[in-house]
Every structure is written in C-alpha cells, then in structure tokens.
Amino acid sequence: MIAFQAENLIENGTKRLFNFIFTSHLQMMDENGNMTKTEISTHKLEQCNISHFNEFDEASTYNVVIYYNHQKLLKDQLNDYYCLPLNYSLQIQGTQKSNIFQYGKISVTICSSDDCYSTDEIQQFQRLGYFNNSFKINTLMLNRVPNLNIPNNYISYIYSDYYIQAKIGQEIKTDVYLEQQQLSIEKSVIPGIKVLEQDHVFSIMENKLQASSVFTSNITRVASFFIRLSQSETHYYKEYYRFDELFSYVGGITQFLATILGYFILRYNQTGLQIKLANSLYQFDMPEKQKGQMVFSFQLLVNKIFESLKSIEDAVQKFKNSAHRIINLTRLAGGLKFINQQSYQNDDIDDEIVNHLATQQVPQTDKLKVEKCADHCHESNQTFYLQQDKKKFLSLIVQLILESRKKLSFGVHFLAKQVSGSFKKNTAVNYQSQLFEKSRKMILRDMDILVIMNKLQEIEKIKHVIFNKTQRKVFNYLQKPVVCVKKKINQDKYDQSLIHGDLKNKRDDTLRLTMSSKSLLGIRQKYNTEKKFNKLYEAYEELALAEDPNETEKIMNQRLLKLVEPTIQYSFNSLVEIEKLSRQLRYNKKKRVETQVLKPHNFKLGSSNEVEEEIENNFDIESITLNGQKKDNLYKKSQPSLPENKIKNLTTLQSSTRQLKDVQLNQIQSKQDFLDVEIISS
C-alpha cells in the first residue's frame, strides 16, 4: 500500500492545488516490432482513511510506534494523503522490451475541478511568485517483507516514507519497482511425505527509488510515478527438520563432541595407563617433606632397615651369650661328676675325705643334674624362640620394604598440577611430574615388543639350562630401578659400624638409572607381595647355607645372591645369621647326646687347657657381620679357666699338702648367668 501527499504552496489556501490520477497502461509489440500503447483505465486517487491501512492493526507491523498510535497518524496525516481506490487490484507485467508490458502511472498535476483553484487564480499565483519555490511530494508506504521465522504469519510489514523535491515548470519522474517474493514452506516432518505451502507477495524496492527531472512548458504536469514490475525475484524456502535429518544432526553433533572429548579421554587413559605401568615396573624415590626438609623415600627406607638390623644384632648377641653360659654349665657339671667318680676309686684316700666328699657331692650332683636338665629345656626353648624371632624380623623387614614402595598417584590433583605447571612459570618444583616424564620415557624405550619377546625367549632357555629350581627362584627376583628427580641422590653418612664400603658401592650402582636385560624378566601383574618375599627368603637362605662341594655351583650361588637388591640382601644376611645360630644349637644338642652315649665310664677329666679347647671346639659359633664376614673377637668373651676356679683332678688332690675341706656351688637366681664355683680349702 502506498499513499501520496504534496505540500501546499499557497499559504492560507482554501482549495486544492494538486490532483493525483492513476492511469493503467498496456504496451504491446507485434512480430514486426511495431509498438502500440493503450490506456486501459484511469482513476483518481481518493483521500486515505483507516480502511486503506488496515494492516496497521496487525501485530506483525515492525514500526511499533505507528501501530500503537495509528489513531493519531490517521487524524494528523492520512487526511492529507491520497490512496488508490479500495479493493482495486493493480496489474503489472513485463518489461520495457517485452512483448507485453503493463504498468501503472500516478500523475501529479495542477487540478482544474470545482474544488480547485481556477485558471485565473493560478496565473495570479504565478505572477506573485508562489511557483518559484520548490516543494515536497511525500509518499507513505507500508511495505511487505517475508519473514519465515514467524510461526503463524510469514509476512511482516515495514512502514517507510519517500519524498521528492518538485518545482512548477519541471516534471519529476520516478520508477517504483515492485519485486515478487516467492515463498515455499515444507511442513512435513516425516521422511517421504511432502506438504508444500506456496505464496507470493510484492514488495517495493526502496533501493531503486531514483528521481529524475525533466523541464516542460506545461506547468500543469508536476511529477509522475511509474509503478512497474521488477526484473528480479526473490525466493524464500523453509522446511522443518524431519526425523531423519534431526537424527543425522544430533548424530553429527554427538560425533563432533565425541571426537573432541575422545581426544582428551584418550590422553587421560594413556596417561593413567602409563602411570599404572610405571608403578608396576619401577620404584620411585619420592620426596617427602618432614620438619621443613625434603627427604627422599629411599633414604628413609635405608634408615629404617638399619634400625631393624641393630635389634637383630642385639638378639643374636643375646643368644650367643646364653649359649656360652649353657655350655660352661654343662662342662662344669661334668667335671665335678668325674672328680667324684675318681675319688671313690682310689683306696688311699682318707676315709674321712671320702665320707666328706660322698656326703657333700651327692646332693650337689643331684642339684647339678636338675639344673642341667632345666638348662637343656631352656636351650630347647631358646631354639624355638630363635625361630620365632627370625620370622618376626623377616615379617618386619618385608613390611618396611612394602610400605616404602611409593607410587605415582593419578587423579584430579595430578591433572591440576600438570595444567597449572604448563601455564605458570617460576612455580614450585613438581617432583611427581618430573618422575612421571622420566618413567614415561623409560617405558617407551623399554616396551619394544620385539625386543621383549626375543629376550624373554633367550633368557628362559638359559635359565632352565643353567639353574636348578631353587636357583631360579632367586634369579627370578627383580629389583626395580629407582626413578630419581636428580641425576644423583644426595647420600647422607650413616653409622660406619653398620655400613661398609661394599654396601655404599652397591647402593650407588643401584641408584643409577640403568636398565639391564634382567629388568624385562618375570611376571609383573603382582610384583612384590609378602608371600613372594617369604619365598624369596627361603630360596636365599637355602643358597646361602648350602654346602655344595662343587666349586662352580658355589660361585654361581654367590653371584646370584649378589644380584639381590642391597637393602634386601643385607636384611636377609642378618636372618641367615640367626638361622646359623639355630642350626648350631641343634647340632650341639645332638652332639652332646651322642657324646654322653659313647663316652666311657673311666673317662678322666683332662687339664684345664684341654677342657677349654673342647668347649671352643664343640661350640664354634662364628660371629658374622651383615656383609657375611667374620668379626674378629667381636663377641668372644674369655671364659674363666678351670684352674682359676680351683678345680683339680684326682692326682692334684692327692699330691696337695692341703686337705679338701668343703665344696660349695652357689647358683645365681637367673638361669642366664654363670654358676660361680667356690672351692674352700684349708
């Protein structure tokens, strides 16, 4: 819809000056190129009212101010505008060079009807100079614009205006193009079923509104507006998403999101798998903050192991001293018994001495027998408790080793540190991240499947050819390489009485990040468990205490024992020493039983030096340090010799000028102490 209005040049005029006439033209061209123009119809534009702009009442009008104030617009402006007659259908087609060209023309002329100024009045106005000034010819357009985003009505309206500057004596010509807007709407959402709705509207192309002026001698012609069809068309197509397209769209979005999320999930799983694999393959020297200082876990483990070894050595020393006391008591009781037997066999001994010895020795001998039996029982109990202590120390050492196995943790805290560390600089050192990077590189280097399979096949063959079943148990134990933050771990100085030079050298070798072929052996699903450590100790003990006459086997056993991790090696050596003591106690007990059975009744007690030598030979307990070496006179305690205790044989008693008056055996209440023997002579 379009309306026109011209400014009134006559001030305080009471009549109309201009008239608006619409003329429909038809231009036809025949086959010979002859052109004929025909004026089909002519209509005067009538004064506009609300009926001509009924679209103002619709909510789809863009100009909200005009929509809510249409009454004010009609009252103030529509009375001065002229519109086409109601219910008039405008027909346009073709172009200037087409066979049929139909268009409309709105002419603005000086009117000459009864309600207009007369010819004389117009000439007078011209003489007065009213027509020398220019004036405006305004248009009021309610343009139709397709909008497919509106759910119900797809046509929207835009209120706009266009004006031209006109002057009497010049004719202004303007082309108003109407462009066809084709609308096609597919409303079906089911695949294979089409429900197509089509419509079309004409919209005024405001970008093509251009005016041109032509001088004319006929002052009655002021302006002309040619309404014609535009050569261009605009097609609008809308369709709803069908179910198959919706599924495809959702699937595409899901696949895109899955690709992005899958990348992060893949990296997350890869990192988690690498950390899990690193925890299974390696042990980590994890730093811990204690009392404001950074302490590494391997250093703490060594300190705890050495503290445990001190208690083991104390127990070993205690059992050695107890064993020495038992042997001394046994030998002393035997010596007194043989003195009693010899005294009764000699007829030259004074009857008083014999009676005195008989009365004194009988209760003393019985008392010694009871004490000897009690001490033998105590010795058996010591052997039992020795085995129990060995098991307790083994369990303690295994628990210390298992608890010291630090692992890399993988979770939200680890990821947050990784992300924050990549964006920030000069932050605190992330030791766990450094350990993970080093272990990841080691995994990539060591996990070549071809190399692993070849080495496994080769080593399995060699292992079954060289070793027996027990040796394979020790050989199968694998120590994990230590992943360190620094290239070398700062080693503190430990107690020199516990650490020897070979321990330090072996520990340095272990801390180096070297991967030998043996690190690829064995089953790693359950690498270190308490049960496996117990089996390892049993095999270690069997090889350490084996008395193989074959020198090759002996050297092989020693080499295998040296391959064990230093902390485990020195812990097991202390337990092996306890086992040696236990075996020695059982051997001495068995030997005493055989000696008592095979010893003749006329056995004479030898000199004190012979008795001492026999004691040392029967109970030859080697004092062994943690590294398997003997300690010279570390635990050896000089025993009081028999001459110092005034114990003499029969010949000595007979040749003595002094007579034996009394023999007293004073026993300390504790069974672990020596028996003090005091011989009182006159």
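Backbone N, Cα and C atoms are what each Cβ position is placed from, and that goes for glycine too.
Quick look at what Swiss-Prot lists:
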type	residues	note
CARBOHYD	Asn12	N-linked glycosylation site
CARBOHYD	Asn34	N-linked glycosylation site
CARBOHYD	Asn49	N-linked glycosylation site
CARBOHYD	Asn87	N-linked glycosylation site
CARBOHYD	Asn132	N-linked glycosylation site
CARBOHYD	Asn218	N-linked glycosylation site
TRANSMEM	246-266	transmembrane segment
CARBOHYD	Asn269	N-linked glycosylation site
CARBOHYD	Asn328	N-linked glycosylation site
CARBOHYD	Asn381	N-linked glycosylation site
CARBOHYD	Asn468	N-linked glycosylation site
CARBOHYD	Asn550	N-linked glycosylation site
CARBOHYD	Asn649	N-linked glycosylation site
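Features recorded in Swiss-Prot, as mapped to the structure shown.
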residue : record                      : DSSP (3 states)
Asn12   : N-linked glycosylation site : coil
Asn34   : N-linked glycosylation site : coil
Asn49   : N-linked glycosylation site : coil
Asn87   : N-linked glycosylation site : coil
Asn132  : N-linked glycosylation site : helix
Asn218  : N-linked glycosylation site : coil
Asn269  : N-linked glycosylation site : helix
Asn468  : N-linked glycosylation site : coil
Asn550  : N-linked glycosylation site : coil
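Within the same chain, the residues at least 6 positions away from Asn132 (N-linked glycosylation site) whose Cβ sits under 8 Å from its Cβ are Ile168, listed in sequence order. For Asn218 (N-linked glycosylation site), the number of other Cβ atoms no farther than 10 Å from its own Cβ, over all displayed protein chains, is 10. Taking the C-alpha atom of Asn49 (N-linked glycosylation site) as reference, the shortest distance to any of the glycosylation sites Asn12, Asn87, Asn218, Asn468, Asn550 belongs to Asn87. Remark: of the glycosylation sites Asn49, Asn87, the most isolated position is Asn87 (fewest other Cβ atoms within 10 Å of its Cβ).
Comparing Asn87 (N-linked glycosylation site) with Asn12 (N-linked glycosylation site), their Cα atoms are 35 Å apart once rounded.
Geometry remark: Asn269 (N-linked glycosylation site) versus Asn468 (N-linked glycosylation site), CA distance 42 Å. There are 8 other CB atoms within 10 A of the CB of Asn550 (N-linked glycosylation site), with all protein chains counted. Shown are the glycosylation sites Asn12, Asn34, Asn269, Asn468; of these, the residue with the fewest other Cβ atoms within 10 Å is Asn12. For the pair formed by Asn550 (N-linked glycosylation site) and Asn468 (N-linked glycosylation site), distance between Cα atoms is given as 14 Å, rounded to the nearest Å.
The glycosylation sites recorded for this entry are Asn12, Asn34, Asn468, and the Cα of Asn12 lies nearest to that of Asn218 (N-linked glycosylation site).
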